[in-house]
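Here's the structure we're looking at; comments come further down.
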Amino acid sequence: MPHALWTVWVLGAVISLSKEGVPDQPSSLSCDPTGVCDGRSRSLNSIPSGLTAAVKSLDLSNNKIASVGNSDLWKCVNLKALRLGSNDINTIEEDSFSSLRSLEHLDLSNNHLSNLSSSWFRPLSSLKFLNLLGSTYKTLGETSLFSHLTNLRILKVGNIHFTEIQGKDFAGLTFLEELEIDATNLQRYEPKSFKSIQNISHLILRMKQPVLLPEIILDTLSSLEYLELRDTYLNTFHFAEVSDPETNTLIKKFTFRNVKITDESFDEIVKLLNYISGVSEAEFDECTLDGLGEFRTPDIDKIKVIGKLETLTIRRLRIPQFYLFRDLSSIYSLTERVKRITIENSKVFLVPCSLSRHLKSLEYLDLSDNLMVEEYLKNSACERAWPSLQTLILRQNHLTSLGKTGETLLTLKNLTKLDISKNSFHSMPETCQWPEKMKYLNLSSIRIDRLTQCIPQTLEVLDISNNNLNSFSLILPQVKELYISRNKLKTLPDASFLPMLLVMRISRKTINTFSKEQLDSFQKLKTLEAGGNNFICSCEFLSFTQEEQALDQILIDWPENYLCDSPSHVRGQRVQDTHLSVSECHRTALVSAVCCALFLSILLTGVLCHHFHGLWYMKMMWAWLQAKRKPRTAPQRDICYDAFVSYSERDSYWVENLMVQELEHFNPPFKLCLHKRDFIPGKWIIDNIIDSIEKSHKTIFVLSENFVKSEWCKYELDFSHFRLFDENNDAAILILLEPIDKKAIPQRFCKLRKIMNTKTYLEWPTDEAQQEGFWLNLRAAIKS
C-alpha cells in the first residue's frame, strides 16, 4: 500500500511540473500557446475556475455569467484583454479586478449593471479601452469613475436608461482618441462636464432629442476635433448664436448618421456650421430630409459661405417627398467655396446647370451609385459648369454610351481624372472625344470585349479591370499605370504598346503564364501584381520563377498569391514550391533518347534477323499461311503422286531419263510429280509447289551443287521444311547425285540437316553394278 501511494505521488508531481507555465484549460475554454483563451457563446453561468498567470487574453462574451467575484481573476496577473460583454452581469465585487494591473482592454457592455463603482477601475492603471455601453445604470456613479485611468484612450459609456451627465464624470481624463456616449434619453447635462478633457479626437453622441445638444457642442469647442451625431431627430433643434463666429475651435469635422432633418433644422445646421468656423468637413450618412427644400429662415440669406467648409459628403440620403422637392436655389451661394462633394446612392439624376456654375471652387465630385444618364449629364456639365473640377466620379450610374459621355464632358477644361466604371456601356466606339487634360480613366466593369482608339492618348493611368478583353493591342505611349485584372487575357500585354509603364495589375484569373523575356521587355516596370491567376506551371515558367532572384522586388504579392492550376497533380501548390519530374521538363530529350533506343533496338533486331534468317522465316510463314487460308474450289483430294521430285534444271537429264524411266516404267509404276511436266500453267509458282508437295506421299530432293545454287529448288526445299514441322513426319528423301558438303545446305533448314545427320540418305553410285541396288532402295523408301 505505501508503494502504491508513493507511485501516485510521483505521477502527480510529474504532471504538475509538466503543466507549470501553461494556462490551465477548463473544458469550457479553448486556449492557444500564446495565452489567448476563447469562451464565447458557451452558456457559461460563471467565470471558469483554474485560470492562471499564463492567460493573456480572455473572451467570455455572449454567455450567462451573472457576477464577477474577488477570486475569479486573481491569478490572471498578466491579463491584457478581458471581454465580458453580452452577459447577465449585475454584480461585480469591489476587488474583482485588483490583480489586473496589466489589463489594457476591458469590455463590460450589454450587461445588467445598475450601479458603477470607481473601486473596480482604481487598479487598472494600464487600461486603454473601456466599454460600459448597454447596461441599466442611470449615472456614472457618485464619485469619479475614471480619475485613475490616466492611460485610457477609448471610452464608451451610456445606455437607454442613462439620464444625466455630471461635472465630475470625466474628471481625470485628459486625452481621449474616442469617446462614445449613448445619451438616447439624456435629461440633464451639467455645464462644463467635458471641460476636464483637454482633447477629444472623436466624440460619438447618440441622442434622440437635440435639446441639450447646443450646450454640449459649445462645451467641447476648444477640445473636440470630430463630432459624430447618431440617431437624432432634429425637428426641434435650435442653435442660438451667442456671439460672432467662434474662431478658437478644434472641431474640423461633423458627421450626422441616421439623423432626421427638416427644412427648419437644416437652417439651424447651417448656422451651427457657420458659427464653428474651423469646420472643414461635413458628412451626412443614412439621413432623412423630411421636407420640401423650402429653407425660409431669414438669417440664411446673411450667410454667404459656411465657415471653412471644403468637403461635403452625403451617402444614402432619403427624401420621402422626393418628387415635390424644390431646386435648392436658395442655398446655391453657400456652395461656392466647397472643394469636394460626394453624393452616393441618393437617387441623384440631375445637377442643375445653375448649381454647377455656382460650384466655382469644386475640384472633386463623386456622384457614384445614382441615376445619371447622358442627357441629364449634359445639362449638369453645361458651359462654365464646375470650372475648377479635376476629378469626376460617375461610377455605377445609368450611362450607356462612351462616345456621348466623353463629348458631354468636353466643357470641363481642367478635368484630369474620370471614373465611369460599373456603367452599362457594353461596347466601345472607334473614336471618342475627351477633355484634353485627361490623365486618369477608370473603365472597369463596363462589359466591353475590345479596346479601340476611343481611349485618349493623354492617359497616364488606365483601369480596364473586370471586362471581357481577350487581347490588348492598343498603343498608349504615356500610360504609367495599367490595371487590367479579371479579364480573359492569356499572358502579359506586348511591352511595345506601353513604353512608359511603371505599374501593372493583372491578377485574378486574367493570365495563365508569363516569361522572363516578357518581363524584361518592360524596361521601366517597377511593380507587377499578377497573383490570383490560374497559372499553367510549365517547366519553362517554373524554371523562370524559381531562378529569378529579384522577382519579389517586382511582384508585390509574390509568392503567396501565385498558385498552380495545371498540371492537375500540382493544382493548388505555390509556384515557388512546385517541382515537375524530369520526364515532364525534358520531354524532347526524353523522346529523342527513346527514339534512339528504339532505332538501335530495330537495328539490332535487323542484324539478328539477318544473321539468323528471321526475315526468311517471316516471309515463308506468311506465304504458307496465305496459301493455307486460300479457299478450295474443289473437294479435298487424296494423294495423287508417290513423290514430288525437287531438282535443279541442270540435273533434269538424270531425272527425266534415268529416274523417271526406272520408277514410272516399273511394275507396278510410281507416279512422280515433276515441275516441268505437272505444274498447272498460269498458277502462282509457290502455289504449284505447295499443292504438289501436299499431294505427294514423299518429296525427293536430288541434291547437287546445282541444286544448292538453284533459287526455285530453295523454295521447294523451304516449303518442304515447313511441311516437316507442320505434319511432324519424315516425308523427305534425299538423293546425293554427287558428293556434296553438308555445310552447303543452308543452316536455316535445321530439320533437313538433322535428317542428314541422323538418317540414311541415298547416294548415286557411279559404278553401274551398284545402280540396281540404288533403285531398289529408292523404291523401298518411296513405299515406306
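Including glycine, each Cβ sits where the backbone N, Cα and C put it.
Positions annotated as disulfide bond by Swiss-Prot, on the basis of similarity to another entry: Cys31-Cys37 (among others).
Among the features that Swiss-Prot reports, disulfide bond is placed at Cys353-Cys382 (among others). A helical conformation is recorded for Cys353 (disulfide bond) in the three-state DSSP classification. Sequence-distant contacts of Cys353 (disulfide bond), defined by Cβ-Cβ distance under 8 angstroms and a gap of at least six in the same chain, are Asn379, Ser380, Cys382, Ala385.
Mapped onto three states, the DSSP output places Cys432 (disulfide bond) in coil. Residues or ranges marked as disulfide bond in Swiss-Prot: Cys432-Cys454 (among others).
The repeat 'LRR 4' annotation in Swiss-Prot covers 126-150. Residues 85, 101-118, 156-159, 161-166, 168-174, 180, 182 of the same chain lie 6 or more positions beyond the ends of the repeat 'LRR 4' (126-150) yet place their CB under 8 Å from a CB of it.
Across the repeat 'LRR 17' (458-478), mean pLDDT in this model comes to 96. Among the features that Swiss-Prot reports, repeat 'LRR 17' is placed at 458-478.
Residues or ranges marked as signal peptide in Swiss-Prot (evidence: sequence analysis): 1-20.
For Phe349 (site 'Interaction with bacterial lipopeptide'), the same-chain residues that are 6 or more apart in sequence and have a Cβ closer than 8 Å to its Cβ are Asn370, Leu371, Met372, Val373, Tyr376. Marked as site 'Interaction with bacterial lipopeptide' by Swiss-Prot on the basis of similarity to another entry: Phe349.
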Cβ atoms within 10 Å, counted per site: which of Cys31, Cys37, Cys382, Cys454 has the most, among these disulfide-bonded residues?
Cys37
Tell me, by DSSP, whether Cys454 (disulfide bond) is helix, strand or coil?
coil
Please list, for the repeat 'LRR 4' (126-150), how many residues fall into helix, strand and coil according to DSSP.
0 helix, 3 strand, 22 coil
Tell me, how many other CB atoms lie within 10 A of the CB of Cys432 (disulfide bond), whichever protein chain they belong to?
18
What three-state class does DSSP give Cys382 (disulfide bond)?
coil
